[in-house]
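Chemist: Per TrEMBL, the features are:
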BINDING   54, 112, 113, 114, 154, 171, 172, 249, 250  substrate binding site
BINDING   125, 150, 151, 223, 249, 282  Fe cation binding site
C-alpha cells in the first residue's frame with residue numbers, strides 16, 4: 001500500500017482567524033478532507049502538568065527527576081546483547097493468547113514512568129490518541145486502529161508477561177550496534193553503557209551499512225518492537241505505514257531530530273511521512289480528560305475484527 005502525504009503543520013492563533021495549535025492539512029493530501037464545519041483536533045500548548053511537551057530540563061520537578069533516573073538506567077542497560085536476548089525470548093510469542101481489546105483492558109494497570117507529559121493509565125492515552133486522529137482523518141480507519149494499539153506492548157511490565165522493568169519497556173528508542181547519537185534524550189548516560197567504547201559498535205554505521213533499511217537495524221528493546229512482532233507474526237493486515245508507526249513511534253531521535261537517517265531505505269522514507277503525521281496526535285492528545293471507553297468501544301472492536309484475527313499469540 002503506497003500512500004503519499006505531506007507533513008501537517010501546526011499554526012498558532014492569529015487573533016482574528018486561527019485557532020491555537022490547529023493541525024492544518026495540505027490541500028493535496030489524497031485522503032479524508034475536513035470541511036470547515038467539522039470538529040478538528042486542537043493541540044494544547046501545555047501538557048497535563050502545565051509545562052511544555054517533552055521538556056526534560058526542569059530539574060526541580062519531581063516528575064522530571066524520576067524521568068531522568070529512568071533514562072540513566074535505560075541508557076546503561078540497553079546493549080546489543082540485551083536486545084538480542086529479549087527479541088529471542090519474546091519473539092516466541094508464548095506468554096498468552098488473547099484478543100486486542102483484552103490487551104487494551106490490561107493497560108488500565110500501566111502508567112508510563114518515562115513520560116514527562118502524563119501520568120494516567122495507558123488505556124486512556126491509547127483512546128485519546130485514536131480519537132484525536134479520528135477527528136482529522138475520519139476515513140483512514142487503519143490509522144485510528146494503529147493509534148489504539150501502538151502502545152499495547154507496554155503490557156511487558158505486567159507479571160504475566162515477565163514483569164520487565166520499565167527501562168526495558170518504555171521511553172524513547174534508539175538503534176543499538178552503532179554510535180548513540182547525541183540527539184538522544186539524556187545522552188550523557190550512554191557513557192555507562194558497555195557498548196559505548198566498543199570499536200565494533202561506536203562508529204556512525206556500526207555493524208550496519210548506510211541505506212540498509214531500518215528493518216535490518218536492531219532497536220533498543222521495548223513495547224514498540226514487541227507490538228510490531230505481535231502484529232506481524234499474527235498476520236495483521238495493517239498497511240506498511242501502520243506497522244512502521246507501531247515499531248518506530250518512540251524513535252524520537254529519528255522523527256524529531258532527524259538522526260540515523262543514513263540507515264533508512266526508500267520505503268522507510270515514505271513511511272516516515274506517516275509517522276510524522278501520527279506523532280502529533282500521539283504527543284499532543286495527552287490529557288487528564290478521559291475518553292468514555294464504553295461509548296467508543298464498538299467502533300474500535302469493528303476495526304480490530306477487520307485488521308486482526310480474533311485471538312493473537314503474545
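Placed from the backbone N, Cα and C atoms, the Cβ positions cover glycine too.
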Chemist: 10 Å Cβ neighbour count around residue 172 (substrate binding site)?
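Modeler: I count 22 other Cβ atoms within 10 Å of it.
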Chemist: Around the Fe cation site formed by 125, 150, 151, 223, 249, 282, which additional residues qualify by having Cβ within 8 Å of the site's Cβ center?
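Modeler: Neighbours within 8 Å of the Cβ centroid, excluding 125, 150, 151, 223, 249, 282: 126, 129, 147, 154, 224, 250.
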Chemist: Non-local Cβ contacts of residue 250 (substrate binding site) (under 8 Å, 6 or more apart, same chain)?
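Modeler: For residue 250 (substrate binding site), the qualifying residues are 170, 171, 172, 173, 222, 223, 224.
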Chemist: Within 10 Å of the Cβ of residue 125 (Fe cation binding site), how many other Cβ atoms are there?
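Modeler: Result for residue 125 (Fe cation binding site): 26 other Cβ atoms within 10 Å.
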Chemist: Write down the Cα-Cα distance for residue 154 (substrate binding site) and residue 249 (Fe cation binding site), rounded and given in Å.
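Modeler: Pair distance, Cα basis, whole Å: 13 Å.
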Chemist: Suppose we draw a 10 Å sphere around the Cβ of residue 150 (Fe cation binding site). How many other Cβ atoms does it contain, all chains included?
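Modeler: There are 25 such Cβ atoms around residue 150 (Fe cation binding site).
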Chemist: Please give me the CB contact count at 10 A for residue 249 (Fe cation binding site), counting all chains in the structure.
Modeler: 23
Chemist: Roughly how many angstrom lie between the C-alpha atoms of residue 282 (Fe cation binding site) and residue 154 (substrate binding site)?
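Modeler: Answer for this pair: 15 Å between alpha carbons.
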Chemist: Among all the protein chains here, how many other CB atoms are within 10 A of the CB of residue 223 (Fe cation binding site)?
Modeler: 28
Chemist: How many Å lie between the Cα of residue 125 (Fe cation binding site) and the Cα of residue 154 (substrate binding site)?
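Modeler: Cα of residue 125 (Fe cation binding site) to Cα of residue 154 (substrate binding site) measures 12 Å after rounding.
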